[in-house]
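What TrEMBL annotates here:
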type	residues	note
DOMAIN	26-63	domain 'Exosome complex component N-terminal'
DOMAIN	75-147	domain 'RRP4 S1'
DOMAIN	169-208	domain 'K Homology'
Amino acid sequence: MAVDMRLPTVKNSMSLSVSAAGRKDLVVPGDVITSDTGFMRGHGTYVDEDKLTASVAGEVQRVDKLICVRPLKTRFNGEVGDVVVGRITEVQQKRWKVETNSRLDSVLLLSSVNLPGGELRRRSAEDELTMREYLHEGDLISAEVQSVFSDGALSLHTRSLKYGKLGQGVLVQLSPSLIKRQKTHFHNLPCGASIILGNNGFVWLYPTPRQQEEEAGGFYTSLEPVSLSDREVISRLRNCLLALAAHKVFLYDTSVLYCYESSLQHQVKDILKPEVMEEIVMLTQQKLLEQES
């Protein structure tokens with residue numbers, strides 16, 4: 001039986017120009033944000049003796065005169081236009097229920113999906129009877145938030161060909177607060193894999209398709225065997241995501257790619273060891289700081 005033994009080693013000191021302890025935009029409950037009475041109170045704040053005080057731990061965000069605190073750890077509060085990755089939990093009348101890491105199950109209406117073949121017509125009773133042939137319980141999908149109901153539940157749509165049913169890949173569940181909002185959340189990485197960074201904290205890793213199947217209307221999933229090299233790349237990316245999330249680093253295409261490059265000197269199974277994880281994340285943060293400067 002193989003035994004993995006780790007001996008104490010001298011820790012390499014790496015200095016970052018920006019320390020988390022010195023950041024003024026991070027607060028804990030009870031911290032005074034400002035004593036200026038000209039600001040309006042937003043989510044995550046309250047007024048105590050004419051001072052605006054944080055009620056949750058998180059990042060201070062200012063929009064003109066409005067101050068709010070975005071919690072570091074919370075359920076997904078979707079907005080219109082957010083890209084999400086979700087799992088079908090139930091098939092109902094003319095709709096699917098989708099788990100998207102929010103407080104309530106999201107809804108995907110039959111009228112909000114592309115029909116197979118991309119047909120544009122009204123949905124009939126026959127379409128309703130064949131809903132399970134499109135999507136059934138347990139299927140993973142990528143979608144976009146179309147609207148938000150009054151109770152906070154999300155209405156999704158998959159009308160674009162980039163959305164739809166997901167095939168072979170790996171799902172990584174992380175905190176929604178770590179996903180950086182960008183213009184696009186679909187990235188083909190140069191390492192040979194693609195990534196969907198869902199705003200809801202669900203990240204989908206899959207081998208980059210060689211050709212796009214557009215005639216299926218978003219329901220085609222390739223079941224071809226995935227090569228060993230692709231599986232190793234996806235496994236490495238998955239461990240890199242967990243390492244970045246453990247150190248509370250924002251997740252976007254550049255940070256994930258830098259972390260992947262920094263991890264190439266280690267084996268895939270070693271990335272999640274605490275000392276290796278810390279070294280890789282520190283190298284990634286240094287590269288990000290160099291890029292910003």
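Counting begins at 1 with the first residue displayed.
Any Cβ shown, glycine's included, is placed from N, Cα and C.
No curator has checked TrEMBL annotations; they are predicted automatically.
Helix, strand and coil content of the domain 'RRP4 S1' (75-147), in residues and according to DSSP, is 9 helix, 33 strand, 31 coil.
With a threshold of 8 Å between CB atoms, the same-chain residues lying at least 6 positions outside the domain 'K Homology' (169-208) that come near it are 58, 70-76, 78, 82-86, 100-102, 140, 142, 162, 226-227, 229-230, 233-235, 237-238, 241-242, 244-245, 248-253, 255-257, 260.
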